[in-house]
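Have a look at the structure below before the remarks.
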Amino acid sequence: MAEAADAATLTRKYKYFYETECPDLDHLRSLSVANRWLETEFPLADDAKDVARLSGAELEFYRFLFAFLSAADDLVNVNLGDLSELFTQKDILHYYIEQESIEVVHSRVYSAIQLLLFRNDAVARAGYVEGALGDPAVRRKVDWLERRVAAAESVAEKYVLMILIEGIFFSSSFAAIAYLRTHNLFVVTCQTNDLISRDEAVHTAASCCIFDNYLGGERPPPARIYELFREAWKLSASLFGCAPRGSHILDVEAISAYVEYSADRLLAAIQLPPLFGTPPPGTDFPLALMTAEKHTNFFERRSTNYTGTVINDL
């Protein structure tokens, strides 16, 4: 087991060459590299025609949702830099470099979709996003994260928070976007959503892996972990209090059940019993499960209706 990651970690002897020290993280990095993609490969402008097909309440909800995702993605990027500095194992450092690279793509995709939802009115988009970040549902999540990170008594607790951001906060949003596909809306946006959700599955798996194997056995008490999971679940549910009532697109109940299932799956990944006991979603659930377990190539389900060329498409 590796030494605990703390301020003293960086004082260990640094190796000026590469050798495999963390084969599990090396595998996840290789999986991510093999499935790199760029925002320029997807003609998001093709979805512009669908903006008018949303009701006023649905359009407001998806504008709000993408404002939240963009803000949350930036918070993850800030935390990545802090976490990567805690380790000297090059497999972990290389993995985080790869994750930061794909997070840039996610950020650019979210920005393009936001602009699409405002019919390319950049001024309106900027004003809306600034206001949305002050919305109580978003503010509670951001404040909770900042407060919990500041109060975290250990690196292990910070990793629990990362697992919750990537595995709980994001998963409900990805599911809400995936429901657009069931009505043949925003087809290209849904393609990018599939890829982003798969990327985040790898990122969550990496956080669980580091938590389990590279923190020197340091773990918060189970009661503390369950407390954080309950809080994250409650906050995720509150965000969907903004969902339009009577929408023919969204199934909020199914999304809520999916979040509970995701929480139980993440608890299993860090060697803890389930909290909710919720079964996996049915085959009619529109989002491919956020899991990296099959280690398949992410592009196997990818449509060819985009610009650019996929190289090394296994």
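Any Cβ shown, glycine's included, is placed from N, Cα and C.
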Among Glu130, Glu166, Glu227, Glu231, Swiss-Prot assigns to the Fe cation 2 site of Glu103, Glu200, His203 just Glu166
Of Asp50, Asp73, Asp143, the one that Swiss-Prot places in the same Fe cation 1 site as Glu103, His106 is Asp73
CB neighbours within 10 A of Glu200 (Fe cation 2 binding site), counting all protein chains shown, number 24
Least crowded of the binding-site residues Asp73, Glu166, counting other Cβ atoms within 10 Å of each Cβ, is Asp73
For Glu166 (Fe cation 2 binding site), the close recorded positions (Cα within 10 Å) drawn from Asp73, Glu103, His106, Tyr110 turn out to be Asp73
Around the Cβ of Glu103 (Fe cation 1 binding site), other Cβ atoms within 10 Å, all chains included, total 19
Note: in the chain of His106 (Fe cation 1 binding site), residues six or more apart in sequence with C-beta under 8 angstroms of its C-beta are Asp73, Ile196, Asp199
